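Here's the structure, in structure tokens; my notes come after.
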Amino acid sequence: MEVSGHPQARRCCPEALGKLFPGLCFLCFLVTYALVGAVVFSAIEDGQVLVAADDGEFEKFLEELCRILNCSETVVEDRKQDLQGHLQKVKPQWFNRTTHWSFLSSLFFCCTVFSTVGYGYIYPVTRLGKYLCMLYALFGIPLMFLVLTDTGDILATILSTSYNRFRKFPFFTRPLLSKWCPKSLFKKKPDPKPADEAVPQIIISAEELPGPKLGTCPSRPSCSMELFERSHALEKQNTLQLPPQAMERSNSCPELVLGRLSYSIISNLDEVGQQVERLDIPLPIIALIVFAYISCAAAILPFWETQLDFENAFYFCFVTLTTIGFGDTVLEHPNFFLFFSIYIIVGMEIVFIAFKLVQNRLIDIYKNVMLFFAKGKFYHLVKK
């Protein structure tokens, strides 16, 4: 029994490594890419004074503000419009003259770049930093999407397996699920044919065969000679020797050519993103998962970001996971938020799955509407 278990274990290990290896590689590349970007941006941007603060624009703004305010009380009401319009010219960088690009803040900036969040209150100010940021995003964003796609396959497998198990419970009734699930989930697959089912035999009579019929060939020496020549030619054709050629390795079994581990890795790379496309669960369930996932972070975030309550923290997490990133909520301790990097990656993938399911439902609705018009039902309703 022990001897027979070794070959099975040897087959399972390469397959398991082949499934985990692409995701681990993508994740390691992303972490390395973020660390390298943090080192580069902290070296370029640290201690730089904002250019906009040195060109006299801020001083001109203050002089104009003093001129507007240096008036009597009777003129104040008339100058309110001028004051309001002038205050709209305020630039945020005037009140943050020196940037603080430590390693952790630079790492936080890199994460906001390739995750396409971009809160807006951390940004490069030097010309080299801006050019480097564009180049960094060109390679970082596709790498982030690769990680999200591979993570999405894992999440889709977990969600699909969990949902199929919960469907077996009594409270998951079919009328309840049929409101939110596509009909494809309830279609019964046809039963396979039994193995012992009799296969109908096709009998062809001798009269239906082409060529001379049995018993119709005249007993002549020419007829027998003709049959002999045909059989001799057929035998000679079958035994014809082909010229020797160079032996080539067959590609019918790629595992022998590449090795079991390499073949498993390549085959799993070809299947990246397929599980997300096949996932199909009810919208209320995925909406509940998104709400619970964001609520967990919203409950933890105010412990170190004391200026945020649960409502504002929930809003901040939602804006982050949907990659909107308005920048209206500024974190006082962004370094702590780096510990939520895995949370952000998984959360972005959950939100992406939710959007994908909503997109599929909208496509189904659109198809049903088009079929409704195509079948002429709308014409008959209008005619009535």
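In case you wondered, yes, glycine gets a Cβ from its N, Cα and C as well.
Features reported for this protein in Swiss-Prot:
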type	residues	note
BINDING	GLY118, TYR119	K(+) 3 binding site
CARBOHYD	ASN70	N-linked glycosylation site
INTRAMEM	103-129	intramembrane segment
INTRAMEM	314-328	intramembrane segment
REGION	116-121	region 'Selectivity filter 1'
REGION	200-205	region 'Interaction with calcineurin'
REGION	249-254	region 'Interaction with YWHAH'
REGION	323-328	region 'Selectivity filter 2'
SITE	ASN96	site 'Not glycosylated'
TOPO_DOM	1-23	topological domain 'Cytoplasmic'
TOPO_DOM	149-280	topological domain 'Cytoplasmic'
TOPO_DOM	356-384	topological domain 'Cytoplasmic'
TRANSMEM	24-44	transmembrane segment
TRANSMEM	130-148	transmembrane segment
TRANSMEM	281-301	transmembrane segment
TRANSMEM	335-355	transmembrane segment
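Overlay of Swiss-Prot annotations on the structure.
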residue : record                      : Cβ neighbours (10 Å)
ASN70   : N-linked glycosylation site : 8
GLY118  : K(+) 3 binding site         : 17
TYR119  : K(+) 3 binding site         : 21
Q. Cα distance, ASN70 (N-linked glycosylation site) to GLY118 (K(+) 3 binding site), nearest Å?
A. 40
Q) Where DSSP helix means H, G or I and strand means E or B, what are the helix, strand and coil counts for the region 'Selectivity filter 1' (116-121)? A) 0 helix, 0 strand, 6 coil
Q) Counting only residues 6+ away from its ends, which parts of the chain sit with a Cβ under 8 Å from the transmembrane segment (24-44)? A) 101-107, 109-111, 113-114, 124, 126, 128-129, 132-133, 136, 139-140, 143-144, 146-147, 150
Q. How big is the gap, in Å, between the Cα of ASN70 (N-linked glycosylation site) and that of TYR119 (K(+) 3 binding site), rounded to a whole number?
A. 37
